[in-house]
């Protein structure tokens, strides 16, 4: 994720719809999209320099020829009232800060989780093992629940856990699993406790909570549920782009996607004398799904919301949106008060508040159950 900033980009951006773009073959280059239709070929170091300046982007180098970003999304009717309070509250009661502390301590102990590094592969393998253990513990595999690796052409794989429902229409919760030290991406220490170890373990704990409901475990929910952990977000939303492009190509229907990127830092709000709140992202999201998310928060969470904007391609919900799937994003705080330690070796567990992370987990359980059950 990013700290929002406005940049004056000096290099000429080229329209996707324009003439062919020459590639400098003297060094590996990547095609990035900085805004709708504005692209540029850059080296990997130039990508990191943009990120250091607060500029996010899609890396569309491997995008299918002829791909067109969605300009409209199907009209989906979302619930306008809470229908499953008893079930959700029972699941929420099982959520554990201790589980999240244990998981995040381990996840942030990898030297880094860079998507091209062996550490990124190792951390993804460990994380998938925890997801599999949650499914096994709930007995959900007997009813078709599973977790699979979504492979890419780099070391770290994405992870997709599926709990089948009566309909193939999918309710998705996602978080990116990779981390980065922007000064030294491949070898630098990048614990990534908040960005985005916090989101990764938050949705893992929410998965455990959801798997306490036997209607869901036994495949009797109305819709299918998926939990995603994306590889390569920091390099241009690579893993989530690959997954949602695949879903688009294969005709999968997604009812809604909720993204969780950074869920644990509250000091910025506290230092400003503000009430600790969720940051509701209002740009590059689906307005109707976001309205539904607000309703879920008001029912199941104990903190209020603040509207905030995070810019183009700021996190993985943008990949769903780009492929025509409705998405929403809830951050730990307003964007201008996010954790200042992100992308450094100082992004450690010491700065995080697990009560705040539990609030995010409560949101996820409510979102999934009210939309899928």
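Glycine is treated like the rest: Cβ placed from N, Cα and C.
Annotation comment: Swiss-Prot describes 176, 195, 261 as Zn(2+) 1 binding site, evidence class similarity to another entry. Per Swiss-Prot, the feature Zn(2+) 2 binding site maps to 195, 234, 343. Look at Swiss-Prot and you will find 310-314 tagged as disulfide bond. Per Swiss-Prot, N-linked glycosylation site is recorded for 196, 288. Annotation source Swiss-Prot lists signal peptide at 1-18, citing sequence analysis.
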Listed glycosylation sites (196, 288), ranked by Cβ neighbours within 10 Å, top entry: 196
Top Cα neighbour of residue 195 (Zn(2+) 1 binding site) in the set of recorded positions 234, 288, 310, 314, 343: 343
Which recorded positions sit within 10 Å of residue 196 (N-linked glycosylation site) - Cα, from 176, 261, 288, 310, 314: 176, 261
Alpha-carbon distance [residue 261 (Zn(2+) 1 binding site); residue 310 (disulfide bond)] in Å: 11
Cα separation, residue 314 (disulfide bond) to residue 261 (Zn(2+) 1 binding site) (Å, whole number): 10
For residue 176 (Zn(2+) 1 binding site), the number of other Cβ atoms found within 10 Å of its own Cβ: 32
Count of other CB atoms lying within 10 Å of the CB belonging to residue 343 (Zn(2+) 2 binding site): 25
Cβ atoms near residue 314 (disulfide bond) (within 10 Å, other residues, all chains): 25
All-chain count of other Cβ atoms within 10 Å of residue 195 (Zn(2+) 1 binding site): 30
Of 288, 314, 343, i.e. the recorded positions, those within 10 Å of residue 176 (Zn(2+) 1 binding site) when Cα atoms are compared: none
CB within-chain contacts under 8 A for residue 234 (Zn(2+) 2 binding site), separation at least 6: 51, 114, 115, 176, 178, 179, 180, 343
